[in-house]
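Student: Below: one structure in structure tokens.
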């Protein structure tokens, strides 16, 4: 089990990676390619629905990756991109919740190196 300090440190590091200063007046998320079926948003949930996870389980209270899928689409973490639920890999077993899902979505943008 992760202690509270580790969780807070992880949350701060995640936000620093997602946002960069634009000037002394505020912050702005980086420009990202959210693929054809996704869109950029300021603070999406950290545990969205994916091919593997329902998105209904408990989740950390912080911003997730900068992209969200359009209605009817879910994240396929293998690509990563938004796909129709029916286009998810057939070998994926759906689960109700994910543990610290934020780190699972760091690659959901072509601006991140995920190799």
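Positions of Cβ are set from backbone N, Cα and C atoms, glycine also.
These figures come from a predicted structure and were not determined experimentally.
Feature list, courtesy of Swiss-Prot:
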{"type": "DISULFID", "residues": "34-67", "note": "disulfide bond"}
{"type": "DISULFID", "residues": "43-63", "note": "disulfide bond"}
{"type": "DISULFID", "residues": "47-59", "note": "disulfide bond"}
{"type": "DISULFID", "residues": "51-88", "note": "disulfide bond"}
{"type": "DISULFID", "residues": "69-82", "note": "disulfide bond"}
{"type": "DOMAIN", "residues": "34-88", "note": "domain 'TIL'"}
{"type": "SIGNAL", "residues": "1-24", "note": "signal peptide"}
Student: So, by DSSP, how many helix, strand and coil residues make up the domain 'TIL' (34-88)?
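Tutor: Helix (H, G, I), strand (E, B), coil: 3 helix, 18 strand, 34 coil.
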Student: Tell me, which disulfide-bonded residues from 34, 47, 69, 88 are within 10 Å of residue 63 (disulfide bond) if we use the C-alpha atoms?
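Tutor: Passing the 10 Å Cα cut: 47.
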Student: Can you grab the distance from residue 82 (disulfide bond) over to residue 34 (disulfide bond)? Cα atoms, rounded to a whole Å.
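Tutor: Their Cα atoms are separated by 8 Å.
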Student: Please list, in sequence order, the residues in the chain of residue 88 (disulfide bond) that are at least six apart in sequence and whose C-beta is under 8 Å away from its C-beta.
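Tutor: Within the chain, residue 88 (disulfide bond) has Cβ neighbours under 8 Å at 51, 74, 76.
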Student: Are there disulfide-bonded residues among 43, 47, 59, 69 that sit within 10 Å of residue 34 (disulfide bond), Cα to Cα? If so, list them; otherwise say none.
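Tutor: Near residue 34 (disulfide bond), where near means Cα within 10 Å, the disulfide-bonded residues are 69.
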Student: Taking 34, 47, 82 as the disulfide-bonded residues to compare, which has the smallest set of other Cβ atoms within 10 Å?
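Tutor: Among the disulfide-bonded residues 34, 47, 82, the sparsest Cβ neighbourhood within 10 Å belongs to 34.
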Student: Please work out which residue of 43, 69 has the most C-beta neighbours within 10 angstroms of its C-beta, and give that one of the disulfide-bonded residues.
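Tutor: Answer returned by the neighbour count: 69.
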